[in-house]
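To start, I am sharing the structure in question, which I have written as structure tokens.
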């Protein structure tokens with residue numbers, strides 16, 4: 001142990017000698033203690049007992065043990081020039097540049113550290129003194145930062161001046177819109193009152209008109225019911241006629257002898273097949289009642305009449321709809337009967353009677369019987385219609401319908417209403433309709449104008465009195481200014497104090513990264529954008545914008561340190577210091593240690609490296 005400690009003392013002496021030779025000073029000088037911060041030199045002198053007192057005052061040791069490469073003091077203060085103490089600090093003088101302090105672990109580790117550009121941290125290897133070059137580059141960087149700070153500060157002053165003008169302009173705009181809003185509210189109230197008066201008049205006339213229409217409906221309902229019943233009787237016969245023709249034609253199609261190769265029969269079969277395909281419900285209805293006798297048919301038709309009366313005859317409009325449907329069905333039935341009858345007439349006239357095709361002959365005979373039955377039915381229908389005066393009923397129904405419809409579209413009646421000032425409005429009905437339309441149009445136009453002005457006033461008040469726009473309103477001129485960065489797969493767009501968006505460069509799809517929610521910190525250099533689109537299986541997207549001083553506003557980089565949480569490094573004048581008008585010396589922008597080195601070489605300023613996606 002004694003031998004080891006003796007060896008350490010020898011090494012310490014060598015270190016002191018090396019420091020003395022390297023520093024060119026005697027052993028009593030500060031340079032004689034390697035790695036010592038000059039600010040602490042007064043405390044690195046032997047006391048009356050010739051000992052060194054640890055800087056934390058915890059103990060004292062022989063002065064010869066300072067820098068002996070063995071850690072004696074708990075605070076590591078006895079080893080400023082070696083790596084013996086984990087908590088030690090080595091001072092690099094870096095003459096020609098800026099002094100630096102590095103952890104003791106880096107001392108004599110075989111690496112020429114950039115922070116100690118003079119190479120003083122290494123004594124086992126030779127490190128060149130690079131402080132001249134480093135200082136030159138630091139000087140250039142300091143000048144660049146100074147210029148950036150000066151231009152950014154100048155731009156910030158411009159923003160403040162613009163903000164003053166903008167605030168005054170916005171204030172003037174607010175006052176103007178408030179006056180316009182008061183005027184619009186007054187005019188809107190008058191227009192609303194006028195519209196209500198005219199609509200009350202219109203409502204009274206509508207009620208009177210509806211009363212007249214109701215009276216007409218009640219007066220003409222019996223005629224309409226009687227006419228519907230006449231149509232119902234006629235439809236029963238026409239449906240039976242069509243069913244009979246369908247069954248005759250179907251019997252030919254199903255039962256004819258195709259071996260006879262009769263052209264008339266082939267034509268009929270083809271024509272009926274087309275008809276049946278286009279109206280399958282017709283054949284289905286005929287087949288449903290094919291085996292129905294006359295008594296059963298009569299009973300079914302009577303049930304239909306009772307059902308129709310229950311649903312259609314209680315109100316004029318329901319009965320009118322039923323009449324319209326029956327008139328349309330009558331036309332359809334007549335057309336179908338005409339088409340089907342012509343098919344059988346052509347068969348009767350053109351088929352080869354030499355062929356004994358029983359189905360065809362039966363159809364021809366059946367059609368002859370059909371014609372006789374149809375003639376009797378039509379005569380009966382005509383007699384019944386004459387009995388109830390169907391033609392007169394039809395005309396009265398038509399007249400009643402026209403009268404009721406005319407009431408619906410009749411012009412407004414001229415009527416007197418009290419106007420402001422006691423005057424009477426004796427306009428014609430046409431003038432009243434126009435007046436009402438104009439009143440409604442004016443009401444809606446003034447309502448829209450009033451709402452727009454109210455929204456504008458609210459937005460301006462919020463902007464001028466509620467929004468935090470930074471010191472001296474510096475963000476006011478930049479409101480909604482948008483900047484973007486193409487990061488390869490995506491383009492990122494940030495609209496200041498508004499929103500942040502991610503845009504795909506493949507399909508131009510957009511993702512909301514958040515809306516502006518406020519600043520984070522007292523220096524207004526951090527903006528928060530939150531409540532963006534929700535990530536799949538993740539949080540809502542958000543973005544934090546970190547500003548550094550710059551003349552122009554731009555995005556430097558975007559990173560995503562956490563899922564769907566983005567951080568944008570940005571430059572802009574908002575993060576620049578406020579300098580006096582006319583400029584400032586570069587030293588005003590530097591720290592204490594940096595200022596001390598300006599006389600020799602300006603300091604190096606650590607640049608912020610920008611992560612790229």
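Each residue, glycine too, has its Cβ placed from N, Cα and C.
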Pick from 92-114, 115-137, 138-160: which range does TrEMBL record as region 'Disordered'?
138-160
For the record in TrEMBL, which of the ranges 27-61, 167-201 is the coiled coil one?
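Residues 167-201 are the ones TrEMBL records as coiled coil.
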Under TrEMBL, which of the candidate ranges 287-309, 310-332, 333-355, 356-378 is annotated region 'Disordered'?
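Checking TrEMBL against the ranges 287-309, 310-332, 333-355, 356-378, the region 'Disordered' one is 287-309.
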For the region 'Disordered' (138-160), how many residues does DSSP put in helix, in strand and in coil?
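The region 'Disordered' (138-160) comes out at 23 helix, 0 strand, 0 coil.
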